[in-house]
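Annotation comment: TrEMBL describes 131-165, 237-271, 272-306, 307-341, 342-376, 377-411, 477-511, 512-546, 617-651, 803-837, 838-872, 873-907 (among others) as repeat 'PPR'.
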Amino acid sequence: MILKRFSALQSRFRKLTRTLSLSACPAPLEQFTTDSSTSEPDNRALCVSVLEKLVRRGLMSSAQHLLPRILSHSPSAQDALYVCDYATMRGVPMDVWSYAALVQKLVAFGEFKLADGMYVEYLVGRGVEMDCNLLSCMIVCYCRLGKLEEAVKCFVRLSDAELLPSEFATQILLREFCARGRVLDAFEYFTLIDDSCNNLGFSSFGFLVFELCSRGYLNEALRMFDKMQRKNGSNPGAHLYKTLVFGFCRAGRLEEAELLCREMEESGYCIDKVMYTSLINGYCKKKKMKLALQLFLRMLKTGCEADTCTYNTLIHGFVSSGLFEKVWNLYDQMKVSGLPPNVVTYQLMITRYCQDKKVDCAMTVLDSLTKMNVSPNVHCFTVLISALYIEDRVAEADELYAKMIDCGIVPDHVLFFTLMRHFPKGVELQLAMKILSDIATKCLGLKTCSFSMSVEYSECDIEWLVDSIVESNENLGNVAFGIYISALCAAGKTDTALFSLDKLLRLGLRPLQSTHNSLIKCLLQEGLVEEAKCYLGFMQERGMCPDMNTYLVMMKEYCDKGDLASGINVLDQISGRGLVPSVAIYDTIIGCLSRKTRINEAKAMFERLLQDGLVPDETVFVTMINGYSKNRWPLEAQKLFDNMTKHGVKPGRCAYTALIAGFMRKNMIHLGHIYLEKMLKDGHEPNGVLYVSIIKQYLRKGDLDLALRLINLMVINKVDYDLITYVSLLCGLCRNSARLTRMIPSTNTHSKRRREKLYNLLRQHSLLPVQCNVLQLSSLPQDVNDLALRLIRNVKDKLGVPNLYIYNEFISGFCGAGMIKDASKLIGMMQKQGVCPNQVTYTILIHGYIQLGNIDQAIDIFNKMNVIGCVPDRIAHDILLKGLCKIGRLGDALCISLIMQKRGLFPSKSSYELLLQCFSARYLSYFAFRVFEEMLYHRYLPCWYNCNRLLCILREENRLQEAQAVHNTILLKRSLSMNPL
């Protein structure tokens, strides 16, 4: 019986739905209910009596036709089921229309699971052709059950029959799509429905405009807005205008936002202070402070009073633009207007002081807050703690953190990230434990075990602490989980981090945006690109859209791995949402393009940044100037440098250093001198990078005396140079030492005078006394050896044990100078330090022995690599092959080539050319032609000389078929040279 089946389902799903009992049914849906003043027992009796009369008279067909009408007018789901049971007992068969009416009635009263079961069993299972009302009803049913794909199938069936769902079903379907983050799918379905009918109401348009704006799909939202105006023939409400204005302001499309504001005013609506503040904030972000101030004055003229938030927005804009003097004017105006500055106002001042490295002034502002009865927030402390760590005032930073905790201010995830940047790698979990322990004990008053940074805590300890915080204060659950998951990601424990995220979701908490970003970064760092994309989709399904920080994380990871295609795809994703990439995103991809010598594309990307209306900061200017300089475009770098001030950016030390280094690479010493003079006048002291770039140029020109004098300047001025500077300095000396001993001194006195002038300019601004002994090298190789060992000791004292990269650079420098014994000794030293040589180390040694003509020793190193399991790579094979060719051991060279093939490798083009040249010189045409064929197989075209030489040999030997193949290759090279595209 249907009623019994209903009762069974009722008890089965009671725990899941909690709403199945008919006494607690949800309110019926408007379109599926009918007015009935008859009480439930009276109605049931009336229905039964009508059916009974028809059955007694034998009018079964009439009873069957009447049943759907009775069901559709039933006041409750229980009444409908009772009537169906009674009809079945009396032998009245239920037809398709009866089942359809029953299903609609069940949906109307919220019995979705039972309606789904009956629909599948009695209607779909029998292949019944559905009508529009039933399919619209099932769209609602499946959406309520969360079965979106089934709802879409019902919509497709309607579309195939050239029918459309009801407006209510359309709204429910759109809401389900949006709830799952599939806003564009909702837009497409809505457009399809709207193009086919005119019955969609204002609420459907408004809902979709809001969802599209909130997800960043502004172009689609504007299309919906325009279509709604044309279709309904009336002005939208003020709230829709606000939605669009806020969306365009967030995306930085301020001109369009202002046009909407004007249109809104023309439609009779007023712009409130929230909208004005949003527009002002947009102009402040773009550092267009003149326009922001004009808008502020216009706001006051219209009689719209500014609040503290408006003033703080302007203050933040002036602070970001470096116009700190204007801040005090606004500060005084706030007081005159009767608006006391709040904690955000002072936070902005503290931030600016810290950016200007005036930490003591920032501390004074923080101390003054208590006198003004303003409670500082965690952000005030975060920026100050970071500034103190940067200035190496660790004790004061720790005291400030303790003061914050004692005041009951709860640390957040931003503070955790700040501290993590200043703590050594590997203590992420201990740091998370410390912060969580402080939250639990001093902010929530929980009793936990005492904390110590020296103790290694297990994940179970931290999870217990997180659970305790969540139980005590659910509002802090997101923060606690965010800190813990971010720490796990930083420690490389991806699986545990994902497990914790699952636990967070099961508790009904919403993850922070930074938590999602940490997980995406962790997945990408581990090379799990597809998993990261899946996680991004999961994140969007839960209504959390990627923000600019998410895209920046993705862009940095892709660019670090050299995956530019994926990086460009990230830009396309941002543009596809109608958003503008941030300056930091552009900076990341410009740097990657520059490193890959794709400088034209980097230039185009910088121009795109300007076209998007963004204001470049000093960082992106330095990245672009550095790209020009390293790719030997110093004049382009100079032009960009001179344009920095036009964009309101004052060149700093990094910009000057990048530009001058570019001039030195191209030997444009006179321009280097001009800009160095400007740099010193601006108060910027030269750093280690600048010194090394000048020293390298002096070494290239054979001016060892000036190079060594500059090294002395670095030491005396206590120039703080990092690891890369150490390595660059030593390699410059080592690689040029052998050449310097043989080099004839330059007779170009003009160039010499310029180098002397540059040195004197640096010397005038140094601590070097007039009479000072500089380093003299009586026996250059030995002195270089001593200097190298001294530098290695400096690295060890300052930065810890040198890593493999540093040792390889040192070994390369020794080998380049022909000091192979010293290189071997250095390998022994690195092994004692626990640093194992790798393929690069042994390849450098092989190359060093080959340069000295000791090919047997090189072969021994090569064989040793195979024995110890350090399999030689393509470069090692290539170097040995070339060395064997140069001394005429072609048989051994051919063996190396065969070994490469077995390992799935193949020689480089230059190695093939050398093999072909050697075989041709010895008239070994068989082997020469085999090499020629291999080159073509790997898409290498031999050079003109080798082609012509081989062609002559083959003709002399009357091997005409092979000669024809070579001749065809020559013709191909000629056609390619004439038509390179």
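Backbone N, Cα and C define each Cβ position, glycine as well.
Please treat TrEMBL annotations as automatic predictions, because they have not gone through curation.
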Fill in the blank from the handout: Within the same chain, the residues 6 or more beyond the ends of the repeat 'PPR' (342-376) and with Cβ under 8 Å of it are 308, 311-312, 315-316, 319, 324, 327, 331, 334, 383-384, 386-388, 391, 393, 407, 409
Exercise for the section: Give residue numbers and ranges for long-range contacts of the repeat 'PPR' (873-907): same chain, 6 or more residues beyond its ends, CB-CB under 8 A. Expected result: 839, 842-843, 846-847, 850, 853, 855, 858-859, 862, 865, 914-915, 918-919, 922, 924, 927, 934, 938
Handout entry: DSSP-derived helix, strand and coil totals, residue by residue, for the repeat 'PPR' (617-651)
Key = 25 helix, 0 strand, 10 coil
Completion exercise
Given the repeat 'PPR' (307-341), its same-chain partners at Cβ distance under 8 Å and 6+ residues beyond its ends are 273, 276-277, 280-281, 283-285, 287, 289, 292-293, 296, 299, 348-349, 351-352, 356, 372, 374, 648, 650
Completion exercise
Model confidence over the repeat 'PPR' (512-546), as mean pLDDT, sits at 82
Completion exercise
Counting only residues at least 6 beyond its ends, the same-chain positions whose CB falls under 8 A of a CB in the repeat 'PPR' (512-546) are 179-182, 214-216, 413-414, 417, 478-479, 481-482, 485-486, 489-490, 492, 494, 497-498, 501, 553-554, 557-558, 566, 573
Exercise for the section: Take the repeat 'PPR' (803-837) and count its residues per DSSP category (helix H/G/I, strand E/B, coil), listing them in that order. Expected result: 26 helix, 0 strand, 9 coil
